[in-house]
Amino acid sequence: MGNITADNTSMNCDIDHTIHQTLAPVVYVMVLVVGFPANCLSLYYGYLQIKARNELGVYLCNLTVADLFYICSLPFWLQYVLQHDHWSHDDLSCQVCGILLYENIYISVGFLCCISIDRYLAVAHPFRFHQFRTLKAAMGVSALIWVKELLTSIYFLMHEEVVEDADRHRVCFEHYPLEPRQRGINYYRFLVGFLFPICLLLASYRGILRAVRRSHGTQKSRKDQIQRLVLSTVVIFLACFLPYHVLLLVRSLWESSCDFAKGIFNAYHFSLLLTSFNCVADPVLYCFVSETTHRDLARLRGACLAFLTCARTGRAREAYPLGAPEASGKSEDPEVLTRLHPAFQTPHPPGMGGSPAGGLS
């Protein structure tokens, strides 16, 4: 608890941080333990997709890199909450960790939106828009997303984000009640960083489901499987990001007193913790549902066991290499969403007979 001060002016906000300081370490440790290895494997899977000239791998690698940047900032935030919300490092490190914390949300939303649009074009328009489904196009879009968020982060570097409370604790990225300068950037975050991308994402997945329902060559069990995956993706996306952005908007519209700040503090910080779980959900949804990933992970495990056996016995032993997609053309492996087990298959144009194609090209 403490009176938050900013620019040497007391805000007189006595806010109880107990619930936040209890929940945050649990969430941060969980995301560190599960999210770091999961995202490292996700990065490997994205590399295989890029090696196979699949544009999906570009988005997946960028999404994973953003998650790993955020995960790397978690030890600092863990230390912060364990020290009762006291930032023991310099001001610049607070700004950098704050940028990694908050901008990761919008970088993730951007790349999740790109993945959904790419899958929509692959399923609903498999014979059109090839110019948008190339490595060059994916790298260009990815660069725009990073530049957009880097420019936004300059705003935070221009303002002081470390302030002292009445207990002489240096709090980082916490201003209660909300400062007037923060409202504009919060409206931008809500409208441009969240609302617009999620409308695109929902429209894309709706188009995917419509295209699959119209596909006569896809079995009902596979259609049901696709529907479950799409719905799971949307539900997890909304669960991770919607509560935070609703409360961010509420704070920006109505938080002008300490009483309001104290009333919304726990709910707001709980919603912020929910966004952390996206770092764990991303690799699970977009990589580990693939049969190919299961096979590669099994081979990786076999190679590791073989290596350990060699080291223990001192005898040379052959280890099977990891499987990788073909180096030329599109991957023959199941693609995320569109080749799930291999549930998503390219619809044939009207009048074209035979069973559906084995995958997207």
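Here the Cβ of each residue, glycine as well, is placed from N, Cα and C on the backbone.
Feature annotation from Swiss-Prot assigns N-linked glycosylation site to Asn3 (among others); the stated evidence is sequence analysis.
For Asn8 (among others), the entry in Swiss-Prot reads N-linked glycosylation site, with the evidence type sequence analysis.
Annotation source Swiss-Prot lists region 'Extracellular loop 2 (ECL2)' at 161-176. Sorting the region 'Extracellular loop 2 (ECL2)' (161-176) by DSSP state (H, G, I as helix; E, B as strand; all else coil) yields 0 helix, 6 strand, 10 coil.
Taken from Swiss-Prot, the feature site 'Required for activation' applies to Glu149. The Cβ of Glu149 (site 'Required for activation') has 19 other Cβ atoms within 10 Å, all protein chains considered. Glu149 (site 'Required for activation') falls within a helix when secondary structure is assigned with DSSP.
Feature annotation from Swiss-Prot assigns transmembrane segment to 13-49 (among others); the stated evidence is similarity to another entry.
Counting only same-chain residues 6+ beyond the ends of the transmembrane segment (54-84), those with a CB under 8 A from a CB of the stretch are 17, 20-21, 24-25, 28-29, 31-32, 35-36, 39-40, 42-43, 45-48, 93, 96-97, 100-101, 104, 107-108, 111-112, 114-115, 118-119, 133-135, 137-139, 141-142, 145-146, 169, 172, 276, 278-279, 282-283, 286-287, 325, 330-331, 335-336. Summarising the annotation, Swiss-Prot assigns transmembrane segment to 54-84 (among others).
Proximity of distant same-chain residues to the transmembrane segment (90-125), defined by a Cβ-Cβ separation under 8 Å and at least 6 residues beyond the stretch ends, is recorded for 55-56, 59-60, 62-63, 66-67, 69-70, 72-73, 76-77, 132-133, 138, 141-142, 145-146, 148-149, 152-153, 156-157, 160-162, 172-173, 189, 193-194, 197-198, 200-201, 204-205, 207-208, 210-212, 237, 241, 244, 275, 278-279, 282, 286, 335-338, 344, 346-347, 360. If you look up Swiss-Prot, you'll see 90-125 (among others) marked as transmembrane segment.
Here Swiss-Prot flags 134-160 (among others) as transmembrane segment, drawing on similarity to another entry.
Residues annotated as transmembrane segment in Swiss-Prot: 177-214 (among others).
Annotation comment: Swiss-Prot describes 219-254 (among others) as transmembrane segment. Among residues of the same chain six or more beyond the transmembrane segment (219-254), those with a C-beta under 8 A of the stretch's C-beta atoms are 105, 109, 112, 178, 182-183, 186-187, 189-190, 194-195, 198, 201-202, 205, 208-209, 212-213, 260, 264, 267-268, 270-272, 274-275, 277-278, 281, 285, 289, 337, 340-341, 343-345.
The list of residues near the transmembrane segment (261-289) in space but at least 6 beyond its ends in sequence, with Cβ under 8 angstroms from a Cβ of it, reads 13-17, 19-20, 23-24, 27-28, 30-31, 34-35, 38-39, 41-42, 45-46, 60, 63-64, 67, 70-71, 74, 104-105, 108, 112, 115, 176-178, 229, 232-233, 236-237, 239-241, 243-244, 246-248, 250-251, 255, 297, 336, 340-341. Annotated transmembrane segment per Swiss-Prot: 261-289 (among others), in sequence order.
Packing against the transmembrane segment (177-214) from elsewhere in the chain are residues 6, 11, 13, 105-106, 109-110, 112-113, 116-117, 119-120, 123-124, 152, 155, 159, 223, 226-227, 230, 233-234, 237-238, 241, 245, 248-249, 251-252, 255-258, 260-261, 337, 344, 347: each is 6 or more residues past its ends and has a CB under 8 Å from a CB in it.
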